[in-house]
Amino acid sequence: MAKNMAPILHILVISLSYSFLFVTSSSQNSQSLYHNSQPTSSSKPNLLVLPIQQDASTKLHWGNILKRTPLMQVPVLLDLNGKHLWVTCSQHYSSSTYQAPFCHSTQCSRANTHQCFTCTDSTTSRPGCHNNTCGLISSNPVTQESGLGELAQDVLALHSTHGSKLGSLVKIPQFLFSCAPTFLTQKGLPNNVQGALGLGHAPISLPNQLFSHFGLKRQFTMCLSSYPTSNGAILFGDINDPNNNNYIHNSLDVLHDMVYTPLTISKQGEYFIQVSAIRVNKHMVIPTKNPSMFPSSSSSSYHESSEIGGAMITTTNPYTVLRHSIFEVFTQVFANNVPKQAQVKAVGPFGLCYDTKKISGGVPSVDLIMDKSDVVWRISGENLMVQAQDGVSCLGFVDGGVHTRAGIALGTHQLEENLVVFDLARSRVGFNTNSLKSHGKSCSNLFDLNNP
């Protein structure tokens with residue numbers, strides 16, 4: 001009996017040994033795969049990063065977002081005051097995770113749309129073309145053209161941070177956006193872009209979806225590069241958190257130089273700050289309480305949104321736009337502080353230009369005085385002047401006419417090489433009192449934007 005049992009026990013021991021080895025090996029492989037895999041939406045990042053570039057032709061800024069399944073880069077215009085992400089889907093949109101929510105669904109309510117959409121472009125269903133879905137209006141922020149498209153949801157991914165380095169990808173599996181009409185990309189935008197990325201204060205803007213999904217502090221930071229060949233970035237999350245500010249090189253110097261002013265948000269979700277006066281070389285351009293410059297809320301001359309806070313921050317104007325009455329006084333005061341013999345014929349769209357050689361000694365800086373007299377945004381050097389032609393430098397401000405969205409609309413040329421913090425949690429905007437370049441820094445060397 002014992003002899004008959006011996007072979008059986010031997011076989012059993014061998015089987016158990018192989019089973020143990022298999023389980024151990026499988027466990028190790030599983031741990032290895034998990035360690036090397038990209039974090040998904042279940043991971044909770046501290047800070048998210050989107051690299052941004054300047055377009056050489058339009059001087060506007062754009063970035064590549066990662067969307068769809070499998071993930072692919074989609075170039076989109078940066079629209080600070082836009083309500084949502086919109087892209088064109090009529091051609092080359094391929095994704096196994098694309099969905100079009102039904103009309104009157106929860107997603108429609110979240111996007112604040114109660115309009116149903118019926119596609120008439122095709123008899124075959126495709127991304128952007130389904131029936132009985134939600135309709136969502138998208139706008140080209142440069143031309144102001146609008147069109148009705150389909151509310152959609154799909155995967156979106158952004159890079160997290162890992163210490164001072166760019167980290168791995170995290171995903172939102174059901175990110176809401178709009179499949180917009182193709183004609184919206186045909187005018188005014190950089191040639192390569194397929195849509196616009198809205199960062200405004202709206203239910204399904206990129207920041208709000210990121211804050212909600214990942215539990216980030218309601219804050220994002222913008223740093224736009226002044227060169228098409230180098231990157232800037234948008235950071236989503238709290239840059240003042242000790243776990244995060246390691247990502248910003250020389251963060252103590254940069255963050256220490258920041259000042260804050262109250263943030264006002266219009267009914268359209270646009271970002272405004274109060275500019276009480278403009279100063280040129282110690283000469284005040286606009287008195288603090290001048291109703292002709294900044295209409296009061298009782299004035300009916302302008303739209304309500306143009307009367308909130310005085311100055312709107314934008315990324316869809318390459319240069320700062322001033323209401324005509326402000327522009328006239330401002331350029332007159334500026335011209336009085338520059339030798340008259342240096343002035344030359346203006347080059348459009350600018351109203352005041354100079355012979356570059358004759359102002360080589362410099363021009364006066366421009367101070368935007370905020371709600372308090374000691375909170376000042378100084379615009380000087382490359383942020384102030386534009387090389388319009390060979391040998392011709394122009395003041396980088398444009399006459400917007402009588403009826404403008406805001407008395408002042410800060411453009412990208414004045415925002416470049418400056419760290420601008422939109423602290424929505426505390427209703428304030430932070431900025432460097434001087435350009436990063438005055439500290440020998442730039443947006444391109446402030447962050448590590450190389451893929452991990």
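From the backbone N, Cα and C atoms, a Cβ is placed for every residue, glycine too.
As recorded in Swiss-Prot, the features of this protein are as follows:
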SIGNAL    1-33  signal peptide
DOMAIN    61-432  domain 'Peptidase A1'
DISULFID  C89-C179  disulfide bond
DISULFID  C103-C116  disulfide bond
DISULFID  C108-C134  disulfide bond
DISULFID  C119-C129  disulfide bond
CARBOHYD  N131  N-linked glycosylation site
DISULFID  C353-C394  disulfide bond
SITE      H439  site 'Required for inhibitory activity against GH11 glucanase'
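All features noted in Swiss-Prot, drawn onto the structure.
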residue: C89; record: disulfide bond; DSSP class: coil
residue: C103; record: disulfide bond; DSSP class: coil
residue: C108; record: disulfide bond; DSSP class: helix
residue: C116; record: disulfide bond; DSSP class: strand
residue: C129; record: disulfide bond; DSSP class: strand
residue: C134; record: disulfide bond; DSSP class: strand
residue: C179; record: disulfide bond; DSSP class: strand
residue: C394; record: disulfide bond; DSSP class: strand
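The most densely surrounded of the disulfide-bonded residues C89, C119, C129, C353, judged by C-beta neighbours within 10 angstroms, is C89. Taking N131, C394, H439 as the recorded positions under consideration, the smallest Cα distance to C119 (disulfide bond) is found for N131. Minimal Cβ crowding within 10 Å, among the disulfide-bonded residues C103, C116, is found at C116. Cα distances from C129 (disulfide bond) to the recorded positions C89, C103, C394, H439 are smallest for C89. Regional average pLDDT for the domain 'Peptidase A1' (61-432) in the model is 91.
By a simple count of nearby Cβ atoms, those within 10 Å, the most crowded of the disulfide-bonded residues C179, C394 is C179.
When the disulfide-bonded residues C103, C108, C179 are ranked by how far their Cα is from the Cα of C394 (disulfide bond), C179 comes first. C116 (disulfide bond) and C89 (disulfide bond) have their C-alpha atoms 18 Å apart, to the nearest angstrom.
C353 (disulfide bond) falls within a strand when secondary structure is assigned with DSSP. Note: the Cα of C89 (disulfide bond) and the Cα of H439 (site 'Required for inhibitory activity against GH11 glucanase') are spaced 44 Å from each other.
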